[in-house]
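The next block holds one structure in the form of structure tokens; read it before the comments.
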Amino acid sequence: MKHLLNGTFTGTTRVPGDKSITHRALMLGALSEGTTHISRPLISADTLRTLENMRQLGADITRDGDDFTVVSAGHSRLKSPLETLYTGNSGTTTRLITGLLAGLKNITASVEGDATIAKRPMDRVVIPLSHMGADITLKDEKYPPVNIHPAVIKPLEYEMPIASAQVKSAILFAGLFTEGKTIVHETHKSRNHSEIMMAQFGADIAVSGSTVTLTGGKDLTAVDVTVPGDISSAAFLIVLALITEGADVTIENVSLNETRSGIIDVVKHMGGNIAITEHDSTGEKFGDIRVQYTPDLKPFHIDGDIIPRLIDEIPILAVLAAFANGESTVRGAEELRFKETDRITAVISELEKFGVSFEEYKDGFKVTPGYGTVKEGELFKGYHDHRIIMMLIVMAIAVNTNIEIDDDSAIDVSFPSFVSDLEGLRKDR
Ligand code: S3P
């Protein structure tokens, strides 16, 4: 597939609903008694996997236009699925559903995804779930398929060895209907959508510093969820606007949850022209983000606590770094090697084709700003990773080059309307 979308990007737009919040709303809707309306969810390959999986467990889920309605008789009425729960490319579905199924105690199920999921470590969730008493087996004790057998589980106090909202959430889902206190301590705080939404559905959950305490055993009650736009999708438009001449783009109703908004801090630190208007909300914060072309951007150096707050934005931040006025570094981000693909390798190998210079580290990279000319006939690899493909498209637009990507279908995982939304903002120069 060839990509050429050059021009000036101006106007007001929205991005699809937040992926993490949509997955959790579908899961908590299925676990709660009553009707959960989900407004403006992300409708994409990944979230449709979660939707289908919840149907297989017995929830009645309908799609009304752009919204979902989940009707369920509650967690105690969910049943073992007759067939394998297929999770496609979705790591979040695979990991969270493993915790959810362990928490249902009487379930026998097998969970399996596509070829990329088959290579993603699941022992990170199965180890703590086994400490709770879950009976789960993996291929080579590490990879899907995940086979869950009925078991009685007990609460757990767990020190997270890595910053991972998926691991934290799997433990919390398992703890929801388990009498007693399930406690998770984090070293670096990861996204907190599960904690916020479980409280909204009536779970007894409290957060103090980097410790989450869930007192299990309460039935959940359905509530409506309005999903804000995904800041991880907005990130591609934010970077595009910062680095393309004449750009002035406003993205409305984007999640501003502090556990996700690290990219805004980085852009502000770089001197980027960005303005945030927060709207009133209870629960998840959201607002509008206006970004304008900024020719002179300072470099950035990120490590430590900020990394989980922008983990999914690191590929597109590598593009931004190529346009800064000095060397930028990313450290403490070894987790990138365990995403849809090894994103450190993918970012470096594909952006080097544009002439960007990198130094690779085990846990990140250094970017020397600047770029060259793409070789005639160069074929770019998308690695079946939505964020790598969108990163490549933004870079190609910014350097005014037509590129060919081997397979760009994975965009559907999180931002199916990406190319047409860009087209909607584009004016011919
Ligand atoms: C997610 C958590 C993050 C993130 C992923 C979505 C979630 O993964 O990279 O895209 O919804 O919980 P980890 O928790 O594995 O870091």
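For all residues, glycine too, the Cβ spot is worked out from N, Cα and C.
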Residue among G88, G91, G99 sharing the phosphoenolpyruvate site, where TrEMBL lists K19, R120, Q166, R343, R387 as binders: G91
Among S20, R24, D312, K339, which are recorded as binding-site residues, the nearest neighbour of R120 (phosphoenolpyruvate binding site) by Cα: K339
S164 (3-phosphoshikimate binding site): tally of other CB atoms within 10 A of its CB: 21
Listed binding-site residues S20, S164, D312, K339, filtered to Cα within 10 Å of G91 (phosphoenolpyruvate binding site): K339
Phosphoenolpyruvate site span - longest C-alpha distance across K19, G91, R120, Q166, R343, R387, in Å: 19
R387 (phosphoenolpyruvate binding site): nearby binding-site residues from S20, R24, S164, D312, Cα cut-off 10 Å: D312
